[in-house]
Structure formats: C-alpha cells, structure tokens
Ligand code: SF4
C-alpha cells in the first residue's frame, strides 16, 4: 500500500468522525486508567456499567485502597478476570499513592511498572489522556491493519511500529480510535461489512465480503 492511499483512508475516516475517542466512560486520568485495566478481555459496555456504580463511590487511589480488594470486587464481579484485576488495581493504587503523588504518570516506563498495566494499556492512557501519538494495537487494530494492508505484521509490536511509521503525522493522534471503531463496527472479525465500508475501494483485502 502506498502513502497516497493511506492518506486517503485516514481522510475518509476523519471525515466520517472528526473527533473520535474511547467508548470507555471516564472523567479523570485515574478513572481512564482503571477502566482500561478492567477492559482487558471485556467489553467497554460491561466496564462502563461497573464503573458507573464504582466511581461515584471511589474514583481516587485512596478511595479504592479504602474499599479493599473484597469491596472492589463487589463492584467489578460482572467483568471477566475480576479477581486478578481487583488485586492488580489495589496494588496499582498503592503505587500511585506511594510513588506518584496519587497522579497517573505521563511516561511509559512508569505506567508499565504499575501492576496490571502492559504496553497496550499504557499506550491507551498516553494517547487518550495525555495526547501522545502512541498506538495501542488491540485485536481490532491488528485485524484492520493487516486486512487493509495499512500496516501488515505478524505480531502486535510489528503492527504498532509500522503504524507509527506509516500513518501521516496529522492523523497519528486519532488513528488509534478510528481503527478500533472501524474494526468494531465495520471490519468485523467473522463477517466484515465490506459492502458498506467507506474505504472499500482503498482496502487491499483479498477476501472481501461484498454480498
Ligand atoms: S473493505 Fe472489508 S476488509 Fe476492507 S476495511 Fe472495509 S470491511 Fe474491512
């Protein structure tokens, strides 16, 4: 795929949705961090349902530590892997209090040092809250990048690096959200909606579903 086509793809995605953002509900960097930790292998809807009850009661590291692991579990028990997520969140809150003045750190190394926070979570927080041009490659982005050939790669790190290299600078801040939303609602895993896809003529996928 050449750069002219990549540019056209992002121009169309931007035209359709000029201000894309995450579908996780949050009002502070800390709320987003916790929501992203909770969202691993869970739907944004499910996470939003749980945090709608949790955050009015506890939306700071201190308040969540005060809830305790069992107290926290009672709010997140509808979410997959809630036992390990509760343990990680409590430890993360303790670290934020002890090492970061109860604030969410703005650099990758400090974020990735928090329990339950991997490269993907750090990328989402850095991009969404701190507006850094990072690329959190999840299953949707991996699929869209490979099918379209915007940034084909065998693993998420390869795709992440190619996306950062190939996406024109002016689109980089928002590209993460455009690609996730495109994968979630149009370029579906099992049956992509190629017939109603706004980038169908630019996409290089050989197995298009045009019925
Ligand atoms: S044309 Fe099909 S495969 Fe290509 S991006 Fe659109 S939905 Fe995905």
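Note that Cβ sites are derived from N, Cα and C of the backbone, with glycine treated the same way.
All TrEMBL annotations are machine predictions without curation.
Residues near residue 187 ([4Fe-4S] cluster binding site) in space but far in sequence (CB under 8 A, at least 6 apart, same chain), listed by position: 140, 143, 144, 147, 148, 193, 197. Under the three-state DSSP scheme, residue 187 ([4Fe-4S] cluster binding site) falls in the coil class. Annotation comment: TrEMBL describes 187, 194, 197, 203 as [4Fe-4S] cluster binding site.
TrEMBL lists 38-185 with the feature domain 'HhH-GPD'.
Under 8 Å, Cβ to Cβ, and six or more positions away along its own chain, residue 194 ([4Fe-4S] cluster binding site) finds 200, 203, 205, 208, 209, 210. Residue 194 ([4Fe-4S] cluster binding site) falls within a helical segment according to DSSP.
All chains included, 21 other C-beta atoms sit within 10 angstroms of the C-beta of residue 203 ([4Fe-4S] cluster binding site).
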